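As written in Swiss-Prot, here are the features:
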DOMAIN    22-249  domain 'Phosphagen kinase C-terminal'
BINDING   25-29, 172-176, 202-207  ATP binding site
Amino acid sequence: MLPNHILTAIATIKHSLRTETPRPICTLSLSRNLSVSKFVPCLSKENKRDVLETIAKQFSAIEGEEFFVLPLKDLPIWQRECLLEHYLFPYHLGSYLEGEALIVNQAGTLLAGINLRDHLVIHGVDFVWQPEVLLQKLIDLDIRLQQSLSFAFSSDFGFLTADPLRCGTALIARAFVHVPALKYGDALSELLVPYQREFASSSLLPLSQESLGDILCLSNICSLGLSEEQILSSLRLVVSKILSAEREARNQLVKENPTEIKNRILRSVGMLTHSCCLDLQEALDATSWIQLGMSMQWIEDSEKHPLWNPLFWDLRRGHLALYNQDTANRSIEKEVIAQIRAKATKPQAERLIIRI
C-alpha cells in the first residue's frame, strides 16, 4: 500500500496547474518485454512472479530516485483507482492480479505497469501539453533500465510487443482534448475522417465507448516503422486542427447565441448545486457545459478559479475516496460515491456567477 501522504502529494500535483483555458492533456507509454521470457499471455503464475521480481529489483536499484513497488493483489481498490485516474492509465485491470504490479516514483511523474499486456509499460502524464519533455523522461528511465535488463529487440521490427502493431518504438501517445462545441454540432466525426488510419478515438475510460464530459481521446494506432518524433509531430498536428475547429465552433455558438446552449449551461449549474447524488457521466457532462459557459464569459467563478482542472480528475471515485473519506473507512461503492460526488461539487457550483 502506498503511504497516504505520498499518494496525496501525487494526486494534488494537478491543483498547482490551474489555467483559465483547459489545455490538452497527454500521456505516453513505452512497452517493453524481457528477452528471456515469453509474452504475458503465455506466462504461468510462477513466471509472472519471476518477471515481477526481476523488474522490481532493477527499479529499486536506481540511484537518486525512490520508487514504490505496489503488487496489485495487495493494493486497496480505491488506491488503485486513484493512481489509474491520476495518470490516465489506459489499461483495464482484471480480477486476476497475481504477478502484476504498479510502480510509481515519489515525484509522481512516472508510473510503470508490470505484467499487464507486456512485461513492462513505462507511462507518464503531461498536464501542460509538452509531450516532448515527458518523452525524454521516459527514454531516460528506459536507458537506465537497459543497463541491467535485456529487452526483446529485433533489427527488423524494433522492440517486440504482444501486439505486432505496437512494435518498433513501442510508443503509444494519447491526447485528451475538451471539445464540447464540436460534440454539440456533430462536427467531430467528419473532422476526424482524414486521420482515422493514423489515430483511434476513444472514451476517457478503458473499455467504454461512452463519451464522458465531451472529452476526445486520440491515440496512435501503430508505432511500427515510426520514430517517437514522428508520432508526436503527427499527434500535435491533429490536436492543433481539432483545437482550431473547436474555437471556430465556439465562436459560432456565441454569434448565434442559441437559447438551447444557455439552457443546458444553466441546467448544469442547477444540477451541481442541488443534486444529492451524481454519477460520473452526469457530473462530467455538467462540468463540461459549465466550462464551455466560462469560456464564453457567460459564467465566472467568484474566486477566479477555473473549474475543469482539477475537477476533471476529482469527480472520479478514487480521488473522491482519497479526499472525502476517513483513512480507515474508504469505499468506492456506487451509491456512496454518488453522494460524495454531489456533496463535493456543490460548493464549487454555488460560487459561480451567472452572466447570461
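Using N, Cα and C of the backbone, Cβ positions are placed for all residues, glycine too.
Locations of recorded Swiss-Prot features on the structure.
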{"residue": "Ile25", "record": "ATP binding site", "Cβ within 10 Å": "22"}
{"residue": "Thr27", "record": "ATP binding site", "Cβ within 10 Å": "22"}
{"residue": "Ser29", "record": "ATP binding site", "Cβ within 10 Å": "25"}
{"residue": "Ala173", "record": "ATP binding site", "Cβ within 10 Å": "23"}
{"residue": "Ala175", "record": "ATP binding site", "Cβ within 10 Å": "23"}
{"residue": "Ser202", "record": "ATP binding site", "Cβ within 10 Å": "18"}
{"residue": "Leu204", "record": "ATP binding site", "Cβ within 10 Å": "19"}
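Under DSSP, Leu204 (ATP binding site) is assigned to coil, being neither helix nor strand in the three-state scheme.
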